[in-house]
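Encoded as structure tokens, the structure appears first; notes follow it.
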Amino acid sequence: MHFAEFIAGWISGAVGLAVGHPMDTIKVRLQTQLKYRGILDCMIKIYKHERIPGFFKGMSFPVLSVAVGNAVVFSSYSNALEFISQSQRGDRSSSSSSVEIFVAGCFSGAAQVLVMAPVDLVKVRLQNQSHPHWTVSGGGTGGPQYRGPVNCVASILRQEGVPGLYRGVGALALRDIPCYGLYFLPYELLCRVLTEEGQQPGTAAVLVAGGCAGMVTWSCATPMDVVKARLQMEGVQGQRYGGVLACVRESVRAEGGGVLFKGLLANSVRAFPVNAVTFLTYESLLRGMQ
């Protein structure tokens, strides 16, 4: 594993998380709760009842761990691509085929699932806590189910055991493995198109390519993202599913086919700036360390 790529991935992941977490919270709420009519309605209700901190619920735990996951993604992608194409990272964009890029991306997605499944579960559980902010409730209502990420992990282990931390991991794998292949493919191809031969991609090229890669990926990932979120909330909101297919079947039967695209707009709005910033930070740090 290349140390420079690991560090660059870590820092860029933390930056991307900070930029995109508020919209990610809205996306998770839309996917798992029926009381919101859309993005604007969700934003208004979160702010009205939970104030600004409501948009950042679940962020304290993944701010370091998601950064580690991002580090694993970028470093495993680079190593896999180098192994597959038998080329050095410096000239990978000119010598790696689309198939090689896609396969390396899928490998990085598999590595991400192994590292991030418990973290993602805790994040989703915390984001779904809609208890009022103390300035709204006056301190007179009950507190949240989970007092923070550590309490959430302890509660899950106590009630569900270690397997509880991997609830929804099948849907997470079905989302991340193919979609990380799609994540790196448009990025690499757009960088080639927007960069003169023999030159490194400039700031504008990296921003555009990274943003477009994020939007393409999340457009494809949203259906399984909905299923993942619902499986991760299994039992907390009273609903029980028998697995990925059962969740798809029951959700479509109850809410129609459109349910699989809940949060698509929020994902798209969030994806461009988050991934543009993530790739720009990654590439800039990597160049600075080499």
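Cβ coordinates come from backbone N, Cα and C, glycine included.
Record features (TrEMBL):
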- 1-83: repeat 'Solcar' (REPEAT)
- 96-193: repeat 'Solcar' (REPEAT)
- 201-288: repeat 'Solcar' (REPEAT)
- 1-20: signal peptide (SIGNAL)
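Sequence-distant contacts of the signal peptide (1-20) (same chain, at least 6 residues past either end, Cβ-Cβ under 8 Å): 59, 62-64, 66-76, 78-79, 89, 270-271, 273-275, 277-279, 281-283, 285-286, 289-290. For the repeat 'Solcar' (96-193), the DSSP counts in helix, strand and coil order read 76 helix, 0 strand, 22 coil.
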